[in-house]
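See below for the structure under consideration.
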Amino acid sequence: MSDKSIKVAVIGAAGRMGSTVCDAVDLAPDTELVGRFDVGDDLGDLGGADVVVEFSVPDASLTNVTHCVEQGVHVVVGTTGWTEDKLDKLRKTVAAHKDVGVLIAPNFAIGAILMMRFAEQAARFYESVEVVELHHPNKVDAPSGTAARTADLIGEARKAAGLGQVPDATTQDPEGARGGRFNGIPVHSVRLRGLVAHQEVLFGAEGELLTIRHDSLDRASFMPGVLTGVRQVAGHPGVTVGLENYLGLS
Ligand SMILES: NC(=O)C1=CN([C@@H]2O[C@H](COP(=O)(O)OP(=O)(O)OC[C@H]3O[C@@H](n4cnc5c(N)ncnc54)[C@H](O)[C@@H]3O)[C@@H](O)[C@H]2O)C=CC1
Ligand SMILES: O=C(O)C1=N[C@H](C(=O)O)C[C@H](O)C1
């Protein structure tokens, strides 16, 4: 007999991730789908949900998550674009609702979380590093949240190790062919029909290379992580960034 004990609503339910999450919540033995919301819907009492899963667009996420917190509902957030400024605003709202947990995860795939962790560990040993993220062409943001987070982790690890800037003799790049820089780390974004979500972290030192690559070939890869978030978020009050904090990897 199943015990559908966690009531879950999904915001962004008509999207690629939101619809996949609705199916996963329906199928899991311990979760019940009680609400599907998308753009223009009145979020109201969120269908009586215990936990909301939010996969919308960067411009809307803070407003949606704030509404959930003000309703006293825990939130698992997959939407990207969480700047420090937005996180600060959210933390202030959550501080007034002390029992509420919010998980913001740039990537729910276990391999992507490990890729970030391994890249952070490798960072101090290599003079050169570049991040290449590759996604489907319908993605609205660049770089990916995963690439931004990876670059941030690597940049901090390099600073802690006393490493300077990555070596780069480029003086002429009128079209931006060298990509963007995030926390000092070069990041390149590829958009290609046929791809889902992929990333390579390229490390280089004299006479050797290390490449760490992760591929999400299907959105099913994100679902175990999303369900882990749904099951654990109530036990983690406050704002948590990164699913690794729920997995004993932090
Ligand atoms: N953390 C993770 O593991 C992953 C994160 N993502 C992120 O999730 C987000 C969504 O990605 P996709 O599902 O591929 O996009 P999508 O474009 O397929 O879906 C977004 C949905 O949000 C809806 N929406 C737009 N404005 C809204 C609003 N104000 N309120 C409620 N819903 C609204 C849209 O109508 C659409 O149905 C992106 O930020 C993406 O980067 C995507 C895959 C994995
Ligand atoms: O939009 C996507 O598809 C994805 N978005 C997230 C990101 O920006 O990192 C996670 C994953 O890369 C898929």
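Each residue's number is its place along the chain shown, starting with 1.
For all residues, glycine too, the Cβ spot is worked out from N, Cα and C.
According to TrEMBL, the domain 'Dihydrodipicolinate reductase N-terminal' annotation covers 6-108. Feature annotation from TrEMBL assigns domain 'Dihydrodipicolinate reductase C-terminal' to 111-247. The annotation active site, proton donor/acceptor is assigned in TrEMBL to His135. According to TrEMBL, the (S)-2,3,4,5-tetrahydrodipicolinate binding site annotation covers His136, Gly145, Thr146. The active site, proton donor annotation in TrEMBL covers Lys139.
Sequence-ordered, the extra residues of this chain that approach the (S)-2,3,4,5-tetrahydrodipicolinate site, with Cβ no more than 8 Å from the Cβ center of His136, Gly145, Thr146, are Thr80, Pro106, Asn107, Glu133, His135, Lys139, Asp141, Ser144, Ala147, Ala197, Gln199. Helix first, then strand, then coil: DSSP counts for the domain 'Dihydrodipicolinate reductase N-terminal' (6-108) stand at 40 helix, 25 strand, 38 coil. For the recorded positions given as His135, His136, Lys139, the lowest number of other CB atoms within 10 Å of the residue's CB is seen at His136. Reported as a whole number, the C-alpha separation between the residue listed as 'active site, proton donor' and Gly145 ((S)-2,3,4,5-tetrahydrodipicolinate binding site) equals 11 Å. For the recorded site, Thr146 ((S)-2,3,4,5-tetrahydrodipicolinate binding site), the DSSP three-state label reads helix. Looking just at the domain 'Dihydrodipicolinate reductase N-terminal' (6-108), the mean pLDDT is 97.
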